[in-house]
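Report on the following structure.
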Amino acid sequence: MAFNTEKNSYTVIFAAIMVVVVGSLLAFVASGLKPKIHENQRFEKQQNILYAMGVNDNEGEGDVTFVPTTSVEEDFSKYIVKQMVLDGSTAVEKENAYLIDVSKEIAKAKNGEKAELPLLIGEKEGKTFYIIPLYGRGLWDAIWGYISLDDHMVVQGVYFDHKGETPGLGANIKQRFFMDDFTGESVMSGNSFEGITVAKGNGDPLNTDKEDNQVDALAGATITGNGVTAMIKDCIKLYKPYLQTIRTK
Amino acid sequence: MALLSKKDSKLVLDPLADNNPITIQVLGICSALAITAELKASVVMALSVLFVLSMGNVAISLLRNIIPSKIRIIVQLVVVAALVIIVDQVLKAFAYELSKTLSVFVGLIITNCIIMGRFEAFALGNGPKKAFLDGIGNALGYGIILVIVGFFRELLGSGTLFGFKVLGDPVTKTGLYAIGYENNGFMIIPPAALIVLGVIIWVQRSKNRALIEEA
């Protein structure tokens with residue numbers, strides 16, 4: 001051994017060199033891969049938004065298949081006809097509104113500050129879809145997604161995703177058997193914007209009752225389910241002023 | 001085995017059974033409980049640990065003579081964390097779908113006691129080749145238990161394996177469900193993993209009585 005590894009000065013120098021070496025290595029990797037990672041994230045957002053309005057490559061039961069990344073940009077500009085941000089009860093057009101960091105804007109809006117809440121309008125087969133981004137908290141970390149409504153405030157499709165919910169339990173919010181249940185449910189109860197509750201023991205596992213504002217919960221994932229309920233309710237509330245103006249009964 | 005000497009192959013094979021990191025040393029229990037609700041997650045976790053443990057063991061082993069003993073644990077942590085982050089970034093750029101499945105495991109790998117345990121107990125005192133084999137062996141021993149637990153939990157809890165409905169459809173009542181079989185909801189919550197693990201330990205020790213500690 002060439003060095004006296006017990007000496008304090010050695011320890012300090014070793015630690016300093018280690019920090020510099022590892023730090024610059026990580027910085028180098030991160031900045032080198034950044035453009036590629038950002039592109040992937042942008043494609044993913046587009047895929048998720050299109051998924052919520054029913055533009056996807058799902059085949060048969062059970063699988064979640066997005067439109068391929070090779071054609072997603074083309075599909076996105078074809079189906080998403082308007083990108084807007086809310087301004088009180090009206091909405092103004094804004095380019096690339098879908099790239100806005102919803103987590104920050106929703107936090108601002110909840111604090112009563114001025115926020116840029118994005119809203120996308122999609123059109124498919126002559127039908128109009130109002131697509132609202134969602135953001136909330138699950139058990140371990142963030143959950144988010146998109147919900148698309150028609151002008152009767154009936155859900156046309158949803159997409160959920162999560163950062164770190166438990167595999168096999170909370171992570172199942174991004175499975176078809178959970179997401180598909182939302183389609184056809186109304187977010188309205190009478191004239192109030194109720195959202196949709198992920199309910200335990202609602203006695204309707206096949207989700208045949210579309211009038212109850214409820215979908216069947218996932219076993220073993222109560223807190224994630226409650227998070228989904230709260231996320232939908234909170235986000236719909238923020239968009240309520242605008243949604244009221246476009247709603248037809 | 002012609003490829004490896006007897007001593008070396010022992011490094012790989014021992015942790016698979018008689019010196020298994022989970023059932024004998026009782027390390028890595030937290031991740032074994034958390035992510036074994038389905039088989040696919042178990043396999044992914046096992047592969048991730050295989051990579052990180054073998055690479056990390058080699059890195060620590062190469063550095064073993066210059067690491068100051070006072071801060072060796074911190075150095076070990078930095079090595080694991082750096083490895084895991086690099087892998088995560090590369091996957092995000094070139095295999096985005098896979099990286100999303102893995103993201104939940106990243107934190108679990110960094111804090112996995114098996115990894116720190118092997119660095120501390122083996123890599124710090126042995127050469128890179130031995131450390132590599134030791135890493136492979138321990139990761140496989142860990143992976144086997146994960147897959148066994150995941151197999152039983154997914155089969156009994158959800159009636160599926162790798163997501164395929166092997167027992168029929170519980171909602172439309174086909175296959176086994178037609179004659180009144182029900183999924184055991186208990187199996188998909190973490191305490192069930194502890195019970196499955198307990199059964200594995202029991203079976204293993206009743207087969208090899210030498211493993212039973214004196215009371």
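Placed from the backbone N, Cα and C atoms, the Cβ positions cover glycine too.
For B:43-63 (among others), the entry in TrEMBL reads transmembrane segment. Long-range contacts of the transmembrane segment (B:43-63) within the same chain: residues 31, 35, 75-76, 79-80, 83-84, 87, 101-102, 105, 108-109, 112, 114-115, 118-119, 122-124, 126-128, 130-132, 134-136, 138-140, 142-144, 146-147, 150, each at least 6 residues beyond the stretch ends and with a Cβ under 8 Å from a Cβ of the stretch.
Taking Cβ pairs closer than 8 Å, the transmembrane segment (B:75-95) reaches residues 48, 51-52, 55-56, 59-60, 63, 67-68, 102-103, 106, 109-110, 115-116, 119-120 in its own chain, all 6 or more past its ends. Per TrEMBL, transmembrane segment is recorded for B:75-95 (among others).
TrEMBL lists B:101-119 (among others) with the feature transmembrane segment.
What TrEMBL records for B:131-152 (among others) is transmembrane segment. Beyond the transmembrane segment (B:131-152), the same-chain residues lying 6 or more positions past its ends with a Cβ under 8 Å from any Cβ of the stretch are 4, 8, 11-17, 19-23, 28, 31-32, 35-39, 41-43, 45-47, 49-50, 53-58, 60-61, 114, 118, 122-123, 161, 187, 193, 196-197, 200.
Long-range contacts of the transmembrane segment (B:185-203) within the same chain, counting only residues at least 6 positions beyond its ends with a Cβ under 8 Å from a Cβ of the stretch, are 22-23, 29, 32-34, 36-37, 145, 148-149, 152-153, 156-158. Per TrEMBL, the feature transmembrane segment maps to B:185-203 (among others).
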